[in-house]
Amino acid sequence: MSMVEEPLYPIAVLIDELKNDDIQLRLNSIRRLSTIARALGEERTRKELIPFLSENNDDDDEVLLAMAEELGVFIPYVGGVEHAHVLLPPLETLCTVEETCVREKAVESLCRIGSQMRETDLVDWFIPLVKRLAAGEWFTARVSACGLFHIASPSAPEMLKTELRSIYSQLCQDDMPMVRRSAATNLGKFSATVESAHLKTDIMSMFEDLTQDDQDSVRLLAVEGCAALGKLLEPQDCVAHILPVIINFSQDKSWRVRYMVANQLYELCEAVGPEPTRMDLVPAYVRLLRDNEAEVRIAAAGKVTKFCRILNPEHSIQHILPCVKELSSDSSQHVRSALASVIMGMAPVLGKDATIEQLLPIFLSLLKDEFPDVRLNIISKLDQVNQVIGIDLLSQSLLPAIVELAEDRHWRVRLAIIEYIPLLASQLGVGFFDDKLGALCMQWLQDKVYSIRDAATNNLKRLAEEFGPEWAMQHIVPQVLEMITNPHYLYRMTILCAISLLAPVMGSEITISKLLPVVINVSKDRVPNIKFNVAKVLQSLIPIVDHSVVEKTIRPCLVELSEDPDVDVRFFANQALQSVDHVMMSS
C-alpha cells in the first residue's frame, strides 16, 4: 500500500468493522477510536471520523455506551478545547436514545467536555444544544437536558441565564414523570450555579412544584434536593422554606418518601441549626422511628447516634431514648440489627450515668437477640462503652452474655467473638482475662468448625504478644501441648499450627526446650497429614533455633520423614531439608 493511501486505511477498517454483524467486532472498533484518531490526525478526525460517528446509528446499546464513554475523553484527538464543540453532535444524538445507561453516559461525557470548553464556545454551541434537548419531542431528550444545566448556566450572559431558569422550571412541570424525576435529581447541582437572589424566587418555586408532585418517585427525589438546597440557603431561609416541606414529607403517604427523609434528616439538622432541630425536626424524627413501615424504621434507626450528637443529652434521653427502647424489641430483625450497629456510639453522647441506667439494659437485650447479626453488631463496638462506664461494670453486666455467645450454635458468632478476644483482653487486663476468658480460648481449639480452630490458633498468638512470653508459658503453652495427644488427627493438626505460630513469639529458648520435642515426637504419628505438617512446622522453626539444634535434632527427623512411604510426606520433608541446606550454606 502506498504512503498516500495509508491514512485512509484506519477509517476504512473502522467503517467495515462498525457495519459488521458481529457485535464484538463493532465494540472492539469503538474502543480503539483513540488509536484510529491518532492515526488520522486532528483535522481528519474532526472532518471525517466525528461526522461518521454522528451518522452511525448503531442499534446495539453496548456499542452506543462504549461510544458515549470514548467521546468524553476525545478533546485531545480533535485539536484541543478550541475544537471541543465538534464532539457535541454525536453525543447529542446519544442523549436521545431509549436506553437509560447510554443517555447517562452521554450526559456525563457532555458535562466533562462542557466543563473544559471556553465561555464563548459554551454560549455558541453548548447552550443551544441544551435548549434543543429541553425542547425535544421525545421525553428522553428532555430527561438528558436536565443533567446539563449546571454546566451551561455559569458562563451564560444574564438574559440567557433567565431563559435557562425558565426552561428548567418548565421541565419541573413536564407531563412525563421521568422528566420531572430527572429535574428533581439535578435541581441541587443546578441550584449551586444560580445566584442567591434567584435561589429564593425561581429555584424555590421549582422546588415547591416538585415537592407537591403526585408521583412519589418525584417527591422522594425532591427530598434529596432539600439537603442540597439547605446548604445553599441562609439558616433563616432554610427554616422558612425547607423545614415545612421536610415535616410534611415525614408524614407522606408513600413509605419510600418517608424512607428518604429518614436518610437525609441528619444533614437537614445541620442546615437549619440547633433550635429548629429541637422544636420541629425531633418530633418528625420520632415519628419516623415509630413508622409502621420497617424500611423507614431501619433508615431512622441507623441515624440515631448522629442525631443524638446534635441534641444535648437531656433532649436525647427525653425524646430519642424511649424510641430506642421500643426499637430494641422491634418485630423486624433488620431494624434491631441497624440499631445495634450504632447504639454503642450513644454511650459517649449520653455520659456515664445515663449509659448505666438507660443504655446497658438495651445492650444486654440486644446481646441476647436470637438474630446473630444483632449480637455481632453489639460485640464489635464494646470498646466505645468501655471508655464511658469502665471495665468493672462492663465485666459484671456484659461479660456473661459474651461467654454465652462464645458457645453460640452459629459458628460465625463464635468466630466474631474470637476475633474480638485480643481487643477485650487488652482492655480488660490480664487478671480479668485469666479468670473469665482463658478457658474459652482453649475450648475453641477443639471446635468442630475448621475456621474456628484456625482463628483460635491466631488468637493464642495475639494473646501471647499482648501479655508476653512469660504469661504465655504459664497459661497457654502447657494446655496447648497437652492437646497433642487428642485421638482425632484434625485436632492434633490444629496444635501443630498453634506451635508454629507461638514459636516466634516465645523465642528460641522455650521453643527448643518445650515446643520442639513435642513436634519431633509427633513425627512418628501414623497419619500422613500429621507427618507432612510436622515437616512444615520444622521448616518454620529453622530460623528461630540455633544451627546446632537444626543439625542435631531437626535434620535427622526430616531425613527420616523424607524416606516415608507417603509421597506428600516425602515432598514436604525434602522441601524442609532444602531450607536447612540453604540456611547452613548462607551461615
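Cβ coordinates are placed from backbone N, Cα and C, and glycine is handled just like the others.
Per TrEMBL, domain 'Phosphatase 2A Regulatory Subunit A helical' is recorded for 358-518.
Feature annotation from TrEMBL assigns repeat 'HEAT' to 10-48 (among others). As a whole-number mean, the pLDDT of the repeat 'HEAT' (10-48) in this prediction is 76.
Proximity of distant same-chain residues to the repeat 'HEAT' (164-202), defined by a Cβ-Cβ separation under 8 Å and at least 6 residues beyond the stretch ends, is recorded for 127, 130-131, 134-135, 139, 142-147, 149-150, 152-154, 156, 209-210, 213, 215, 217-218, 221-222, 224-225, 227-229, 232-233, 237, 241. Sequence annotations record features per position, and here TrEMBL assigns repeat 'HEAT' to 164-202 (among others).
Annotation source TrEMBL lists repeat 'HEAT' at 203-241 (among others). Assigned with DSSP, the residues of the repeat 'HEAT' (203-241) fall into helix, strand and coil as follows: 33 helix, 0 strand, 6 coil.
Residue counts for the repeat 'HEAT' (242-280) by DSSP state, with H, G and I taken as helix and E and B as strand, are 33 helix, 0 strand, 6 coil. Summarising the annotation, TrEMBL assigns repeat 'HEAT' to 242-280 (among others).
Sequence-distant contacts of the repeat 'HEAT' (281-319) (same chain, at least 6 residues past either end, Cβ-Cβ under 8 Å): 243, 246-247, 250-251, 255, 258-259, 261-263, 265-266, 268-270, 272, 274, 326-327, 330-332, 334-335, 338-339, 341-343, 345-346, 349-351, 354, 358. What TrEMBL records for 281-319 (among others) is repeat 'HEAT'.
Below 8 angstroms of C-beta separation, residues 282, 285-286, 289-290, 294, 297-299, 301-309, 311, 313, 365-366, 369-371, 373-375, 377-378, 381-382, 384-385, 387-389, 393 of the same chain, each at least six residues beyond the ends of the repeat 'HEAT' (320-358), sit close to that stretch. Residues or ranges marked as repeat 'HEAT' in TrEMBL: 320-358 (among others).
Per TrEMBL, the feature repeat 'HEAT' maps to 359-397 (among others).
If you look up TrEMBL, you'll see 398-436 (among others) marked as repeat 'HEAT'.
Taken from TrEMBL, the feature repeat 'HEAT' covers 476-514 (among others).
According to TrEMBL, the feature repeat 'HEAT' maps to 515-553 (among others).
Residues 516, 520, 523, 528, 531-536, 538-539, 541-543, 545, 547 of the same chain, all 6+ positions outside the repeat 'HEAT' (554-587), place their C-beta atoms under 8 angstroms from a C-beta of that stretch. Marked as repeat 'HEAT' by TrEMBL: 554-587 (among others).
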Quiz item: Residues sitting near the repeat 'HEAT' (476-514): Cβ under 8 Å, six or more positions beyond its termini, same chain?
Solution: 441-442, 445-446, 450, 453-454, 456-458, 460-461, 463-465, 469, 521-522, 525, 527, 529-530, 533-534, 536-537, 540-541, 544-546, 549
Exercise. Could you pull out which residues elsewhere in the chain have a CB under 8 Å from any CB of the repeat 'HEAT' (203-241), counting only those six or more residues past its ends?
Key: 165, 168-169, 172-173, 177, 180-181, 183-185, 187-192, 194, 196, 248-249, 252-254, 256-257, 259-261, 264, 267-268, 271-273, 276
